[in-house]
Amino acid sequence: MASSSSCSEDQITFRTKILNRHLNPILSPTSPPNPLSSSPCLSYSPPDLAVPAAVFDTKQMRYIIDDHHIEHRDWLFNIMIQSNLFNPSIRGQRKFIAPDYNQSMEQQREITIKRIEYLRDRGVFKGWLTGESEEDELRKMAFDEVFAIYDHSLAIKLGVHFFLWGGAIQFFGTKRHHDKWLKITEDYGIKGCFAMTELGHGSNVRGIETITTYDPNAGEFIINTPCESAQKYWIGGAAKHATHTVVFSQLHINGKDEGVHAFIVQIRDEEGNVSPNIRIADCGHKIGLNGVDNGRIWFDNVRIPRENLLNSVADVSPDGQYLSAIKDPVQRFAAFLAPLTSGRVNIAVSSIYISKVGLATALRYSLSRRAFSLAANEPEVLLLDYPSHQRRLLPLLAKTYAMSFAGNYLKSIYVKRSPETNKNIHVVSSALKATLTWHNMRTLQECREACGGQGLKTENRVGHLKGEYDVQSTFEGDNNVLMQQVSKALFGEYIATQKQNRPFKGLWLEHMNGPSPVIPAQLTSSILRSSQIQTDIFYLRERDLLNRFVAEVSAHQKQGRNKEYAFSLSYQLAEDLGRAFADKAILLTSIEAEANVPAGPLKDVLALLRTLYALVILEEDASFLRYGYLSVENSAVVRQEVIKLCSEVRPHTLALVSSFGIPDAFLSPIAFDWIDANSWSSVQQ
């Protein structure tokens with residue numbers, strides 16, 4: 001009992017000393033410490049004054065990671081900053097713009113429309129649908145990324161109208177549709193939405209239950225919602241603003257189901273009145289995106305002209321004959337889904353820009369916020385000088401840089417797409433959409449925690465962004481489903497090479513044609529920093545997992561199970577393989593971006609970030625140990641090297657987040673003078 005009492009007293013004494021040091025970072029050597037005395041008031045010290053000047057050109061770094069339309073982005077940032085519609089506020093003598101999330105759902109929806117009209121009147125959307133060049137498409141993507149940085153509701157509201165409704169007209173329609181709808185859509189003369197998902201079917205588009213038949217006597221299609229599970233659900237814009245929609249429906253012709261097709265339907269008139277035989281309900285309040293009016297739609301024998309069938313893939317003649325050059329219904333369905341790739345591309349890339357917002361905020365804060373001293377009579381320590389804080393945030397910074405290069409690659413292949421490359425784009429976009437959006441949610445959570453209590457404040461953005469962007473994990477394809485599609489595509493490529501006796505080509509699978517890489521038995525710092533070694537071990541993982549996946553699925557098939565059931569039983573290997581493919585793609589695009597930079601400090605920093613990215617993947621993914629690509633001893637070496645790399649990235653942190661090129665006004669008060677931003681004078685403002 002006496003021993004227990006002594007132990008408790010020792011703990012109390014120890015805690016008192018720690019608290020005393022925390023409250024008194026600088027004690028007078030001649031005065032006895034007073035555990036109840038307070039320290040002098042803290043003052044904000046800008047991180048720019050506390051760190052050395054950047055060793056590389058931050059403007060050049062921004063050009064590398066943003067890749068295109070820098071001046072256009074900055075122009076758009078500026079016209080948003082200049083308007084009161086974007087809710088400017090002054091905090092700590094700085095101007096910030098951010099949506100007012102204290103507004104009601106109805107108010108958020110209305111201000112989103114007003115912002116769109118403001119942007120339209122300034123020519124922001126010019127060429128978004130009528131432009132036909134790669135330059136037009138990349139500029140549109142650059143602007144979409146700027147909108148995402150400001151407000152997800154604004155980006156999604158525009159995305160639904162231009163990328164989904166407008167994209168469906170472009171890709172599913174033919175000249176008659178283009179002539180009638182594209183210009184008026186670009187001018188925002190009508191408001192479009194995209195009615196694909198249903199209450200009963202989301203990812204499984206082929207299973208949707210809306211039914212369309214054809215009346216040859218009237219030359220009209222008739223659209224019906226046959227049951228409650230067939231109601232169109234989560235349709236962005238449908239609840240209040242949209243006037244037209246593209247409806248995805250099963251097409252029944254002469255008693256035969258010809259599969260999913262797309263139709264143009266007017267759902268409201270110019271005064272906002274719902275069209276006859278259509279019922280619309282609101283999906284209600286959400287955890288984010290409340291500036292988007294998601295709705296539900298029922299169709300009760302809605303008649304539309306025959307010309308409203310989007311007929312680039314298939315058509316119906318006036319007398320009711322079904323016509324399509326693609327006879328295989330599976331290939332026809334794939335052709336219908338091809339345009340959805342644009343949504344995945346935009347989601348993947350925009351998620352990385354939100355990771356940049358979170359990291360720029362949390363890392364700037366950690367370069368000015370102090371906590372605890374490590375020894376008596378010493379000042380408190382900057383958060384980012386704690387190795388544990390570096391370990392939390394700097395690997396995420398390295399990943400964000402690597403994924404930026406992957407996103408740029410994805411955009412480049414998308415704007416150069418052709419029927420021959422659509423399959424590869426589908427695989428790459430599926431893998432990156434899942435990986436980058438998962439990364440964004442993890443990054444926002446870590447940044448929220450790294451900001452402590454300040455991360456809870458909506459004005460500081462990071463915490464609130466989690467709710468706003470959580471939906472990215474499931475819309476435009478559930479991430480887990482997308483990763484399974486990646487593995488199925490790799491399986492198909494593997495089987496095709498075997499049956500056709502040809503080498504692998506595309507999807508960076510050419511490494512499968514040569515011998516398996518050999519990884520040194522003893523890994524060292526210099527070996528681990530070799531891009532060739534990093535590539536080899538990523539190749540080794542993908543090769544082995546693909547072989548295992550094919551063998552396991554084939555074994556299930558030999559036992560009499562069909563291919564889809566065999567895939568479902570092999571889901572664990574499918575997940576590992578999908579992740580391996582995505583990680584490899586990100587590493588290779590990072591190496592390619594680095595290779596285009598001349599020797600010098602900037603290239604050195606990129607190599608440092610690339611190595612940190614690669615080694616963090618080695619450390620985090622259990623498959624490297626599970627399947628023996630890394631020994632336990634080498635895994636320990638990797639872990640120590642990650643700690644060392646974090647300390648080497650630390651001096652470059654401010655320059656790296658400054659290179660994001662996000663204007664100060666689009667960040668938040670804690671990224672700058674957080675003391676002044678929380679002062680009494682700030683309250684009075």
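Placement of Cβ uses the backbone N, Cα and C atoms for every residue, glycine included.
Going by TrEMBL, these are the annotated features:
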type     : residues       : note
ACT_SITE : Glu476         : active site, proton acceptor
BINDING  : Thr197, Gly236 : FAD binding site
DOMAIN   : 193-302        : domain 'Acyl-CoA oxidase/dehydrogenase middle'
DOMAIN   : 340-490        : domain 'Acyl-CoA oxidase C-alpha1'
DOMAIN   : 535-667        : domain 'Acyl-CoA oxidase C-terminal'
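Rounded to a whole number, the C-alpha distance linking Thr197 (FAD binding site) with Glu476 (active site, proton acceptor) is 10 angstrom. Residue pair Gly236 (FAD binding site) / Glu476 (active site, proton acceptor) shows a Cα separation of 12 Å. For the domain 'Acyl-CoA oxidase C-terminal' (535-667), the number of residues in each DSSP class (helix H, G, I; strand E, B; coil) is 110 helix, 0 strand, 23 coil. Counting Cβ atoms from all protein chains shown, Thr197 (FAD binding site) has 18 others lying within 10 Å of its own Cβ.
Within the same chain, residues at least six positions away from the residue listed as 'active site, proton acceptor' with a Cβ under 8 Å of its Cβ are Leu340, Gly343, Arg344, Ile347, Lys433.
In the domain 'Acyl-CoA oxidase/dehydrogenase middle' (193-302), helix, strand and coil residues by DSSP number 6 helix, 54 strand, 50 coil. Over the domain 'Acyl-CoA oxidase C-alpha1' (340-490) the predicted model carries a mean pLDDT of 95. Of all Cβ atoms in the shown protein chains, 25 besides its own fall within 10 Å of the Cβ of Gly236 (FAD binding site).
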